[in-house]
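Since the structure comes first, as structure tokens, the remarks are kept for the end.
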């Protein structure tokens, strides 16, 4: 191999042969050089330049010489070696310098080729653009950045001479021109550098930096379709562009001089020789509009005599019909066949010369078309001519790549870019499975399963094993016969209408003679969803065309996103990345070295390498140990189109006049096999240091399809609704079986869990545990990987699926070995009811089991109706389209036509009874509407079909189909045409398909109303959910606008119907000044803060202002009362509500005997005793199980093995074999929302285990009593059963307890609702004054069940006990009315014409804090009327006071929070972003916080400090809600019209909230409004109505006269410890908090205070449920509870009990300890 170096001018650099050599030949084998042309012996003859030598050629009279033939070209070109003959070295050079004029001469151009170490040529000349250049993909819309390759741009608007140009709204800027020729960085990498002329002024935004551009070209490792140039960095006007293109590969890989490309040399196999014509064929020809005819041949001479000449080899001949013009447009002698970046081109040079001297040239672009005419040969089509270069397009089957199918799986539409590759499945991934399409409407006789892949053939695995090779979509019938439905032979394209993407698979199997099957797949954007399955929506009658739709995030436009905490996500695309595992702890670093410097890098954190400056995230150190910071560390990432970037700025300054700080940028790129990977130093590019880092952590997780098909019944199940995208929270399940050893599980479906600190990024389940820290439990990782989702769900039986995550972290098994952790989720179909999450069952032998009752486990079904509504059979949710009806119909103009169509009504313009038609002027064409059908499939597809009049001769009808699509922004909706077909099936002559986007068809997202916090507490808000037949919650509003608005709210479920509210699954609706608007949709599950506050946010409500949307934020806080929802504030477009309720308190586990157990919150007693005395057989796998409930099995099964007093309750039977699976127990446990019954001590199993049985009872109101269902057998022989039953439901009914009179006044009776006891009223009977009747009453909720002979109905809110008889007097239904509360639904009245009821009339009395109802009348033992004088019936007023004090306007109770103000303030940390520190104070300023003066809240991170609100002492009080608001902080970045604001809510420290912090806690921060929500638990805001009396029979014992209004009582324990001087003193009040005691600083709000001789006084009692009477001793006592931990046992709190004894003749009181 010989390498030639040319020196054409004396000023050029010398060659290896010395200064006098013009052409130097170097033998690369022997490394010897000799001159084959001298610079002084040159001769120019026309366009031929000769260089002679004085060396004689051996065997010849000639001297050794070189001859270069210059030809006119459009670029600078480069010399090409031709041959050596008789010691003459011939070269050819096509260049603009040889042209007759300067038409092609640019302002600037550099050589655009380079040779690699193997002597192979890399030539980017084909990329040189002669006009517009290339648009660089930079991911933002701030401007357009154009480049050319090796040459200045010829683009209008760009500065002359620039090869890189930036256009933005302010102007056009020169960003640089080429200064050096193309540089080879490696065998697969090339680089160009552009810089601006020193005299060129720099743009202002460059801030003194000189613009410069570096373009790196990368040859891909495997064949693939080319990409666009992509911006990688642009700091300080130093632009880094990367272009992955096959043009950067060596030319031998891309080109051939024959008509073939081979897989051995070119990695593809293409053979165009069948296109070559012989003398018997008619020539190929193409015509242009200018009247020219072009005759062509492929790899041969054209078959026409028009252009023949002596030189021959004519492949293209140009002839003008009307004139005698004949030109040769190209010859095949020096042809080039090139395949690069997916483009196949054939180039014919050496045609007739043009006026410029350029020889005409032809370029043919071949495209693959398996169905091309002329038996697949196709024909050329003239595409255009530019400067004597002629372009043709040619579709042919012979251009299809035979051995590669990696065509482009992405596309660009202007600045919009799309990438479908995340949907591609590769066989190299051992667990990869094909996508399976939903086909819910397939007829039984043609039921097939459809498998497909994206941009790749299907994987021959599983049921798709028999699919034909190359098939990208395949149908498999029940017998296993497979049919190819098309191959991937053309890249995706945008559809003609809308923003959808179309992917067409062609060349499938034959469907009829000479016709092959094709598939048309339309992909539609559905943000965050990468798991949903494609849907087969139409198959032509001849089965030649299959049409599919796929709603997926892969069809959404790529966007640039940013993130913090070393995380970034593209929520729309469904990707999330967490680079925190790359961060080295304690200042660690990665190192890179070269000859001059060492570089140290950390990720998202500072490094502490020797000599490196402080705070540096990257650092440069020279060999003398001098160092420079390359930027301060931060954790802000950006992401766009596959590249994650981390930028460090403000490093050490350069020693220049401007003292510019150094900066560095790390670009992270995906390499699935790299693991952590290592950084690579790229280049120092004028002040900016660039690193590249290939790592698996930059790879997006490929989702798993959630669809599974029963191979026998072909029923399909789709779990994609359960998949949580990266922008959402994981599903959570809490293991509360052992309260002292709780565990939480994070779970996701069909994809890994979203990032949880410490959990494996690949895991689909992760186990957490709780450790004690500073007196409270804290969550930490226990098992980082409980299993990876390596396959989809498995069908156990109909409507029962198993999802198994395997190969998790190693775990010690029961036998002492190490086995991988596993998670098994049993999904059971649940139709109707509230959505829920997975429920923990058991963790044993490294395997965690869960049960999940969900509608997603129900087989996909389609329901039909011929009216305008249809009901989801799984949820009961009704889709009623009547509100979409239009008076005139909807008009669509498309395809040059006008269509009219209506929803559920006729279109007047189409004629009577017609719902759609095409209008041709006033003429009606093809009306439809004689038949209509509304269909809903439980995979959320809804369509309306209209059919026209029957055409008798053909038996066909015109058809209009309307597919409804959820769009929360569309009210009422928007119609557009999707496509139309003519004669596409046997039954349709004209089919028109529309898409109707509307919020009406949005289904509520599957949310879990249960949520757990980081302290191991679980919360359940489901009891606050209102069903469709209930009325919604109406918020209390005491603001000045209350008379003009009203808020309707539901929890975890769509609103019940509200007249006038918008359609769709709204979570909240507002009546704002007479207009009802959506305030947000049910889309996300509750979230819990560190303090136990639970937040639900409803987003995407109606439009608010120019660009916003209304939203709702509900903040729930634990309280001892049921409470009501209270409007708190409006922040921009968001309405914030507070709800203090006992339903927001943590769930506690309880246990009971006798087959009964009490639910702690409601007091309801679950009783399963009605199931006793019966055997329940259950079939499970190969065994039959016999169960009994809390009792022994009946005789006959296993009972012959009864042992002593133990009784068999569970038996496993297989034929004659019977095994005891557990002995009876009557202990019933209540954990979360399940009842659990355990039977243990069964027979021995596997020689080491004893068989046992666990039965899990779950609430199903429609199943009474229900039947048990087998779940599984565990490896340790535990048999698990589920039992859906109404007996596990809490029948407590909660009613609305607030009322708005429409005049701006709100009322709230929730403080009268009792959770532990009931209101009791005794009254004489009508027949006898000595006989007592007793009324039990509760307010706004059902009665609390009592022990003993209690027989009141479970749902009754009022009940009468008359002797031993109990009668229900009504249920809690509806809200209070201004006339009084009525509880209908009681037992029948004596006249049996109506039911008994109670009327309670509430009257405002501000002095009646502790009062009860009084019976005033009883009409015919049927209607009982009570009057109730109470402060709770007074209108609510808001109260705002200064001085950090505020009073309850109803009771006058004064709250004083001044003790909470501390000198140094409080310091807290954001639990989501721990590096964010927050300092705040209560009613006081912050000293030295780092924020502006007067800040009450200061939020700091590593790089900034934000004033989140100026301090204030104005407290507000509204209906038990106490708040402090700090406003006027720094401007809000998201909305400059707003400022940062902080809202601090104060909560009474309830006994149920022991884990809550006593310091302020961050609840949430809203980035859109810059509002920060904090809460603080403190006894200073506790003000509960204290009952100070008790009934003794009919006598009332009232202790309120003992209450001190100014003094206090004292007590000592001297009598117990006489002579002990260290005994504490006790200070006491009765029923009210202590008054101030001089010299004794008892905690505020304390009722019983203990003051030790040494130390501070402590609170040992404050809250109470009132006096209690002991009927055995006739003593009255009051017990006070406290949240203060006992000094001798920190697990307990102090309590104080005061016993009152009757003793006549004494003063009011005498207290003893």
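Note that the numbers count up from 1, one per residue, in the order the chain is shown.
Note that Cβ sites are derived from N, Cα and C of the backbone, with glycine treated the same way.
If you check TrEMBL, you get these features:
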DOMAIN    1-101  domain 'MRH'
DOMAIN    110-251  domain 'MRH'
DOMAIN    257-402  domain 'MRH'
DOMAIN    407-558  domain 'MRH'
DOMAIN    564-701  domain 'MRH'
DOMAIN    704-860  domain 'MRH'
DOMAIN    866-1004  domain 'MRH'
DOMAIN    1007-1147  domain 'MRH'
DOMAIN    1153-1291  domain 'MRH'
DOMAIN    1295-1436  domain 'MRH'
DOMAIN    1442-1584  domain 'MRH'
DOMAIN    1586-1713  domain 'MRH'
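In terms of DSSP helix, strand and coil, the domain 'MRH' (1153-1291) has 9 helix, 68 strand, 62 coil. DSSP places the residues of the domain 'MRH' (866-1004) in helix, strand and coil in these numbers: 9 helix, 79 strand, 51 coil. For the domain 'MRH' (1295-1436), the most Cβ-contacting stretch among 866-1004, 1007-1147, 1442-1584 is 1007-1147 (pairs under 8 Å). Looking at which of 1-101, 110-251, 866-1004, 1153-1291, 1442-1584 has the most CB pairs under 8 Å to the domain 'MRH' (564-701), the answer is the stretch 110-251. Counted over residue pairs separated by six or more positions, the domain 'MRH' (1153-1291) shares at least 3 Cβ pairs under 8 angstroms with the domain 'MRH' (704-860), which defines the two as touching. At the 8 Å Cβ threshold, with sequence separation of at least 6, the domain 'MRH' (110-251) comes into contact with the domain 'MRH' (407-558) through 3 or more pairs. In terms of C-beta pairs under 8 Å, the stretch of 1-101, 704-860, 866-1004, 1007-1147, 1442-1584 lying closest in packing to the domain 'MRH' (407-558) is 704-860.
Across the candidate stretches 1-101, 257-402, 704-860, 1442-1584, the maximum count of CB pairs under 8 A to the domain 'MRH' (866-1004) is reached by 704-860. With DSSP classes pooled into helix, strand and coil, the tally for the domain 'MRH' (564-701) is 9 helix, 63 strand, 66 coil. Within the model, the domain 'MRH' (1153-1291) shows a mean pLDDT value of 85, rounded to a whole number.
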